[in-house]
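Student: OK, TrEMBL features for this one:
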COILED    499-526  coiled coil
DOMAIN    1-360  domain 'Amino acid permease/ SLC12A'
DOMAIN    369-631  domain 'SLC12A transporter C-terminal'
TRANSMEM  55-77  transmembrane segment
TRANSMEM  89-113  transmembrane segment
TRANSMEM  220-239  transmembrane segment
TRANSMEM  245-266  transmembrane segment
TRANSMEM  278-302  transmembrane segment
Amino acid sequence: AQVILLFVLLVAIANFFIGTVIPTNNEKKARGFFNYQASIFAENFGPDFRSGEGFFSVFAIFFPAATGILAGANISGDLKDPQSAIPKGTMLAILITTIAYIAVAICAASCVVRDATGNINDTVVPGMSCNGSSACSLGYDFSRCASQPCGYGLMNNFQVMSMVSGFGPLITAGIFSATLSSALASLVSAPKVFQALCKDNVYKGLHFFAKGYGKNNEPIRGYVLTFVIAMAFILIAELNTIAPIISNFFLASYALINFSCFHASYAKSPGWRPAFRYYNMWVSLFGALLCCGVMFVINWWAALITYAIELFLYIYVTYKKPEVNWGSSTQALYYVNALDSALALTTVEDHVKNFRPQCIALTGAPMIRPALLDITHTFTKNNGLCICCEVYTGPRKLCVKEMNSGMAKKQAWLTKNKRKAFYAAVAADSFRDGVKSLLQASGLGRMKPNTLVIGFKKDWRNATAMQVENYVGVIHDAFDFELGMIIVRISQGFDISQVLQVQEELEKLEQERLALEATIKENDFEEGKIGICGFFKKASMLNISKHETKKESTINTIQSMHVGEFNQKLLEASTQFKKKQGKGTIDIWWLFDDGGLTILIPYILTIRKKWKNCKLRIFTGGKVNRLEEEKLV
């Protein structure tokens, strides 16, 4: 269909150019057509805006005719070699259409005067004074068009090309062909782009349009939506009203495309590799600014509405944070900024006023010791660095495999639970060796840990001598590497792995129960009413009998009681630092000068919302005979 439409369009254009050289007749002369005349071209060369129109208002009407630039990019998925075809096809299309538009404009301006009456009797009578117009010199007097509206000429007659052409109906066919061709290009390409957006589920309500049909995954629903939108604009039935609106949105999209190219180059993303030889990032920025400026010049209130819509969509995506990864230039810019900031930070000298707690917290997996993570996060959030560390001990290959498989999951858990912390893990022969590696290698530049946070060893009475030695050795290692030391203790302990394991088993049993019920219902639906014998037969196939079901129920009850009774205090203790703390005191035993860390950490706690009701109470060593003297000091 596109080839046929193109053929009709080419014939219509050729028909116009042929018509300009066919000798005209009196009827066409009365309508302002005189074949090629230098005087007519000279008269039409300058601008002559009327009825309040200006350059940009006319540009807004013309601009939609030049908006097929992205036609190739929009159907890139259907091209065999898009990397080669898109730039060549786009540049060739721009060149051909530019030549065609300019040639038609020059030919029309060389053959047709601006105003004509259409009356064959409006000829110049011998002896009549001529007003100096090109029409007057060619024997026609259209001077009354200056005082009253005329229906012919370039400024008045929309059918000029039909009049000039050799066969008028061919021009009408060409107009239909060009309109249908442009419409089909948009109707085909726009739904595919829209479908790709919907597949990413960026906007939840639009996922309905993500479904495709047929071998090529055609977006039928998108086609219907595009048709409805197109019909809504067509029903306006006024080209001069529709064109500025369309131009406004086209300019907005081109501005975003140009800015995206500039931003990708500015971010120095390795994935952005423009192959165009003459590409320049500053030209892209200039193009974006130019599009924005023209939008406001054409129609300032429409431009404001467009930007308001864009801003709303951007804020929505930023707030919802859809789970998609486009490898955007924004991510690349984050990296560049972070890298530059980290490098700049290395030149900053340490000072006591700028000290921040940068902590390594030996939490293991973050979800196993949430209370230790919570208390560390309380005084590092927006103030310092927090790294949750885990040491894997055992056979090296198994440890490395387990460690690598869980890295992303555990970092995602921190993000999901809104903990501003990093996760790091290391495989080592022993716990102490692993901690040594973490203490030496963690961090980057000035963002290196200066404090070790560790939980109090609750089972030291039952632990082996090697375990106790490793624990105490870690504390000594922290001092050897000149790190501050924080040991956190709660009565119930930090480790809730036992509770998590029981909950995981309960969830597994619940899933098996639901799967059994679904299987029974499915078989009921397929086979009709099922008998008791059939039920036990199916239960036997699933290795589940009535006795086993009762047994499972008993186990579930016992495990639920176990969680509810024996581990309830542990669960409450694991969340105690998430709750708002009541009125009380934070006791500080300042027994020696440690550089101020003992005072700093409690102070940071008191400036948090959850701890604002707590007051500091400091105890320090002294001598009885010097109490009065120290009070005076």
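Keep in mind that glycine also has a Cβ here, set from the backbone N, Cα and C atoms.
Locate each feature and note its surroundings.
Tutor: Confidence across the domain 'Amino acid permease/ SLC12A' (1-360), taken as the mean pLDDT and rounded to a whole number, stands at 85.
The list of residues near the transmembrane segment (220-239) in space but at least 6 beyond its ends in sequence, with Cβ under 8 angstroms from a Cβ of it, reads 61, 183, 186-187, 190-192, 194-195, 198, 208-209, 211-213, 245-246.
Same-chain residues lying 6 or more positions outside the transmembrane segment (278-302) and placing a CB less than 8 Å from one of its CB atoms are 56-57, 59-60, 244-245, 247-248, 251-252, 254-256, 258-259, 261-262, 265-266.
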